[in-house]
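Read through the structure below, which is laid out as structure tokens, and then see the notes.
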Amino acid sequence: MANVVVIGAQWGDEGKGKITDLLSRSADVVVRYQGGVNAGHTIVVDGQVLKLHLIPSGILYPDTTCLIGSGTVVDPKVLLGELAMLASNDIDASGLKVASTAHVTLPYHRLLDQAMEQQRGNQRIGTTGRGIGPTYSDKAERSGLRMIDLLDEQLLRERLQGPIAAKNLQLQKLYGLEPLDAEEVIAEYADYGRRLSSHVVDCTRAIHDAARARKNILFEGAQGTLLDLDHGTYPYVTSSNPVAGGACIGAGVGPTLIDRVIGVAKAYTTRVGEGPFPTELEGSLSDHLCDRGGEYGTTTGRRRRCGWFDGVIGRYAVEVNGLDCLAITKLDVLDELDEIQVCVAYELDGQRVNHFPSSASEFARCQPVFETLPGWQTSTADCRSLDDLPEKAMSYLRFLADLMEVPIAIVSLGASRDQTIVVEDPIHGPKRALLSA
């Protein structure tokens, strides 16, 4: 048995969906432990493109149990839409389980999220506008609604009437928006409760039952380390904890249940939204990475900012998450470049620094210190083993492994499942007997 956490080692969008899908073949249970519909992952199976925001990637395997844990925030309308989409593609998701204690995103959360972001003006954060921050805010203020509350219409009415009245005051007085009709909202969410009732369970109990039965459990994070509320580039972060420790809180397990942690990182770096980005590129190189990598957000459709691989934030992600190994994705995007740069340190106010600064103003002043490596200028898309890779591509991977001080277990060379090199099974294989410098 092995219980594994998969996290993003950058600013999200690293390709965790594909890696989780790949690892789900060896998992009995897959748990999504934080985030909401602000995250998205794309899976390509036999040329079929599936885009999911809430449902774990493991749903494509009929023998894998998928759980949406307590640390997530659930938009029931989106969840029902994903279930319908899967059904239309002949994928059975009837076994999906949603934590009864997961908090619910409501219409006023979305409206407030969008209004607050607009009001920030030049200080905007880059929120997706899906209501995630306000949902987590209500959770922290102990005024939120949980999935279990949707199952009892009378309780739902009691729990919603006060908050709707209070949020309507905010919408009207602060933002000049029309108020919500309380009866319409209550009726809508009572209907969601009826339609989702068969999926709502005590997920923490289900996870511990699986652990006692010595099942393989895969914990799937959303977003990435640098978007973590406590450890990311605050305030340009999400409202939850994507780091490995967040799996324990969001799933309701102790750290001793986790056997290993896998970090997913692109062979370059991207970021959506606002905030400092030391290795960001502009012009034709940025356009090349964006076009070759299809760098447009699954959730928002926004173009992602692109830059060179940043080893400083990479090492920080290794430390914060206790990474055992890495999955490097989109190596093929670099195939046509004659030179590739990698950030190995920063220069801050004339001093070389090797660490990620906690101060946002300091991080904004950091200039990258690059090392330049030769490109391989040949396609890697059809490579299926390390021996198939060009030597310069292998040298690049070894350089990243040495820089990050952690071995590489998986190399992804395209969106499809088969465009993958598994150096060593990161679930069942020996720790650290993988690709390293």
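Positions of Cβ are set from backbone N, Cα and C atoms, glycine also.
The following features are taken from Swiss-Prot:
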BINDING   12-18, 40-42, R304, 330-332, 412-414  GTP binding site
ACT_SITE  D13  active site, proton acceptor
BINDING   D13, E14, G15, K16, N38, A39, G40, H41, T128, R142, Q223, T238, R302  IMP binding site
BINDING   D13, G40  Mg(2+) binding site
ACT_SITE  H41  active site, proton donor
BINDING   T298, T299, T300, G301, R302, R303, R304  substrate binding site
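Separating the Cα atoms of the residue listed as 'active site, proton acceptor' and Q223 (IMP binding site) is a whole-number distance of 7 Å. Candidate binding-site residues: N38, T42, T128, Q223. Fewest other C-beta atoms within 10 angstroms, T42. Neighbour density for G12 (GTP binding site): within 10 A of its CB lie 28 other CB atoms from the protein chains shown. Nearest by CA distance to K18 (GTP binding site), out of the recorded positions N38, H41, T128, Q223, G301, is H41. In this structure, the binding-site residues under consideration are G15, G40, G301, and the one with the smallest number of other Cβ atoms within 10 Å of its Cβ is G301.
Note on proximity: of the binding-site residues G15, T42, G301, R303, R304, the one nearest T128 (IMP binding site) is G301, by Cα distance. Local packing around the binding-site residues K18, R302 was summarised as the count of other Cβ atoms within 10 Å of each Cβ; on this measure the leading residue is K18. Secondary structure at L331 (GTP binding site), taken from DSSP and collapsed to helix, strand or coil, is helix. Straight-line distance linking the Cα atoms of Q223 (IMP binding site) and L413 (GTP binding site), rounded to a whole number, equals 21 Å. Proximity to G15 (GTP binding site), judged by a C-alpha distance within 10 Å, picks out H41 from the recorded positions N38, H41, G301, R302, R303, R304.
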